[in-house]
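Undergrad: Take this structure first; my questions come after.
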Ligand SMILES: O=C([O-])CC(=O)C(=O)O
Ligand SMILES: [Mg+2]
């Protein structure tokens, strides 16, 4: 058995865990302790040290950890999530301190139910983020070193959507790794073998999904950072039988659609073209690129286009250049968007492709930094008065261009969103903010809505609803500042709004299993959602895990 257990304590106050026999100093108060925790955080040098400190705090005093997340969101989120979590994954086997979730390996096939059964608080389980470490952010196959991504996403479920900490189960599946560096590393924590063939993996996954639904009947599963082929395969295989979604395909799809809707409004206003005249070039055709393209397609059809018209607004570029049918030998997931109207020799350079396509929007999901060169950015600015440029690759070091470059080479006209955070910056005397088109705006609210409605599955309409909910959530001040996404500090309010839309979509699709929510009008539903969000600022907050 290679399961590693996190003994999730139900006591989440500071200094009084059941395995912590000493009495805290009598004068210890929340109000000063949060200041103390922040000062300790600031005393750490490199971001990875801050990450280690924060994760230790989470294990020791979960409520203080989440207070820091909620009250210092802009500072703490980049430390526990992208970009620092990328480094934490790369170094996981070296910085490892304690179990933080379940590692279940291919050797456990036949015994998965028993391993899941060791989880301490089964009744509270509501959400699991499951990765197989095969495509962590843009960092490739990290094997079990992918565990921090599951842990990090779940910290955001708690901080951003108020899921109770005891309701979250981080899981990393160990099918081996094809990265020799890890296999050669004496400290590597995973199996020392190459990844097993897909057939063997699928047998495991069938057992795993079945046992998850038996051991944790109220659990929603989020697939994370599976390699592209498996991401599509397993989403397709399980989505009609279990409540499951894929964050990289659907979460990224929804968050980019949302930013695109807001950017396209501004861009279309500047060019006096209708929204549906946008021409969208995807640089990167993996799970995220195709997931986003699918989401845009369904939006365009909602706006009245036929499916074929919508499909023709999209061009994909992969490592071999423009994706077109006559090129031959295309991976299955690229075929649908392959162009049939181009038959010449392969178009390989991004500049020549831009010249041919004349895109109004350029979306980067390639994980190749620096590919949106000054020439590319200038070309985009020459095509559209407000070009949409979204370098979305994560973490920040893999971004296709920086915010500063995008501003500079478009004379500040760019409508910009990146996957990882960029600092605000002064341009031409005006303070400009980079939109962060990260799925953290979607998955916490989507998950919360699915959990509260007890959705039996996650429909496309629920994902779409999350995108529209996010797009409509900009405040008047945010709109006036030209933002594409709401300010991160408002994320709990945003997640509540997203969750509400998702509950309604689940009801419309008939997949909800919490009929009481059908009787609520919108203000009542909003109250219901908010009252079920656990808040670390309250000593004994409401708990999704306990109440539903
Ligand atoms: O984790 C993130 O920041 C976004 C994401 O899902 C990915 O890049 O795979
Ligand atoms: Mg991901």
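Note: Cβ is positioned from N, Cα and C throughout, glycine not excepted.
Feature table excerpt (TrEMBL):
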DOMAIN    58-239  domain 'Malic enzyme N-terminal'
ACT_SITE  81  active site, proton donor
BINDING   135, 394, 438  (S)-malate binding site
ACT_SITE  153  active site, proton acceptor
BINDING   224, 225, 248  divalent metal cation binding site
DOMAIN    249-507  domain 'Malic enzyme NAD-binding'
Undergrad: Output: those recorded positions from 81, 135, 224, 225, 248, 438 whose CB lies less than 6 Å from an atom of ligand 2, in sequence order; none if no residue fits.
TA: 224, 225, 248
Undergrad: If one looks at the chain holding residue 81 (active site, proton donor), which residues at least 6 apart in sequence have a CB under 8 angstroms from its CB?
TA: 152, 153, 155, 156, 440
Undergrad: Kindly assign residue 248 (divalent metal cation binding site) to one of the three DSSP-derived states: helix, strand or coil.
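TA: Helix, per DSSP.
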Undergrad: How big is the gap, in Å, between the Cα of residue 135 ((S)-malate binding site) and that of residue 224 (divalent metal cation binding site), rounded to a whole number?
TA: 9
Undergrad: Of the recorded positions 153, 225, 248, 394, which ones put their CB under 6 Å from ligand 1?
TA: 225, 248, 394
Undergrad: Using the recorded divalent metal cation site (224, 225, 248) as reference, state which further residues of the same chain have their Cβ within 8 Å of the centre of those residues' Cβ atoms, listed in sequence order.
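TA: Along the chain, the qualifying residues are 131, 135, 136, 149, 223, 226, 231, 246, 247, 287.
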Undergrad: Quick check for the class: what is the C-alpha distance, in angstrom and rounded, between residue 225 (divalent metal cation binding site) and residue 438 ((S)-malate binding site)?
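TA: Each residue's Cα considered, residue 225 (divalent metal cation binding site) and residue 438 ((S)-malate binding site) end up 14 Å apart.
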Undergrad: Out of 135, 153, give me whichever of these recorded positions has the highest number of other Cβ atoms within 10 Å.
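TA: Top count of Cβ atoms within 10 Å goes to 153.
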Undergrad: Of 224, 225, 248, the binding-site residues given in the record, which has the fewest other CB atoms within 10 A of its CB?
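TA: Taking 224, 225, 248 as the binding-site residues, the minimal 10 Å Cβ count falls on 248.
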Undergrad: Rounded to an integer, what is the Cα-Cα distance in Å between residue 224 (divalent metal cation binding site) and residue 394 ((S)-malate binding site)?
TA: 14
